[in-house]
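Undergrad: Before I ask anything, let me first share the structure, which is written out below as structure tokens.
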Amino acid sequence: MYLMKDITRDGNPVLRKRAAKVSFPLSDEDQKLAKDMMKYLEVSQDPELCKKYKLRAGVGLAAPQVGVSKQMAAVLVPAPDEDEKPLFKDVIINPVIVSESVQYGALTEGEGCLSVDKDVPGYVPRHDRITLRYQDVNGETHKVRLKHYPAIVCQHEIDHLHGVLFYDHINKDQPFEAPADTVMIS
Ligand SMILES: CC(C)(C)[C@H](NC(=O)Nc1cc(F)cc(F)c1)C(=O)N(CC(=O)NO)CC1CCCC1
Ligand SMILES: [Zn+2]
């Protein structure tokens with residue numbers, strides 16, 4: 001199971017590389033990678049276990065963040081109401097954003113990253129709605145439309161597969177400036 005010590009931090013070149021496409025069927029190693037990344041998110045979202053293992057509660061984890069430059073990321077976006085099923089839960093492999101809204105969306109709190117220990121204040125303008133195509137661990141292709149928070153999380157994770165970190169998107173001169181009709185997401 002991954003612990004914080006296993007998560008690569010900003011400055012590690014692996015976070016600035018373009019990750020390699022994953023081939024199917026998954027090797028045993030890639031199957032284990034997918035399982036372990038999702039396990040991190042599940043454990044980190046359990047308050048007891050999160051504390052026990054000193055984790056940062058995460059909603060997404062990309063393979064480069066555990067030192068593996070492959071196009072794979074685990075996403076676990078919980079429902080606002082905890083006894084509902086998650087808004088989005090899957091390991092997205094070779095993800096491609098096939099269409100995106102012109103309208104931007106941004107978290108009112110700004111973003112952070114499991115791989116970035118410092119706070120970087122500012123809005124991170126992303127697309128408010130996306131259509132995402134990806135393969136799951138069984139090689140099945142999915143095409144899903146996401147909006148608001150789940151769309152933000154998936155864009156954040158897919159950025160990691162392209163060597164992009166959230167603060168690359170923050171306006172240097174006006175960090176809390178966002179395009180006119182940006183959907184502010186809290
Ligand atoms: C960087 C960190 C603050 C740990 C952020 N966590 C987070 O948003 N907490 C959270 C939210 C929930 F809805 C439920 C829950 F259990 C915990 C996070 O995981 N990420 C993922 C990351 O760094 N992936 O590489 C950063 C988010 C910023 C915007 C999208 C993902
Ligand atoms: Zn991140």
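Just so you know, glycine gets a Cβ as well, placed from its N, Cα and C.
Found this in Swiss-Prot, in case it helps:
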ACT_SITE  GLU157  active site
BINDING   CYS113, HIS156, HIS160  Fe cation binding site
Undergrad: Could you give the Cα-Cα distance between CYS113 (Fe cation binding site) and GLU157 (active site), in whole Å?
TA: 10
Undergrad: Using the centroid of the Cβ atoms of CYS113, HIS156, HIS160 as reference, list every other same-chain residue with Cβ within 8 Å of it (recorded Fe cation site), in sequence order.
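TA: Not counting the recorded site residues, we get GLY60, ALA62, GLN65, GLU111, LEU114, SER115, GLU157, ASP159, VAL164, LEU165, PHE166.
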Undergrad: Which residues does the residue listed as 'active site' neighbour through Cβ under 8 Å, counting only same-chain ones at least six apart?
TA: GLY60, LEU61, ALA62, ALA73, VAL75, ILE92, PRO95
Undergrad: Tell me the coarse DSSP state (helix, strand, coil) of CYS113 (Fe cation binding site).
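TA: SS state of CYS113 (Fe cation binding site) = strand.
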Undergrad: Please report the number of other Cβ atoms within 10 Å of the Cβ of HIS160 (Fe cation binding site).
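TA: Neighbour count, Cβ to Cβ under the 10 Å cut-off: 24.
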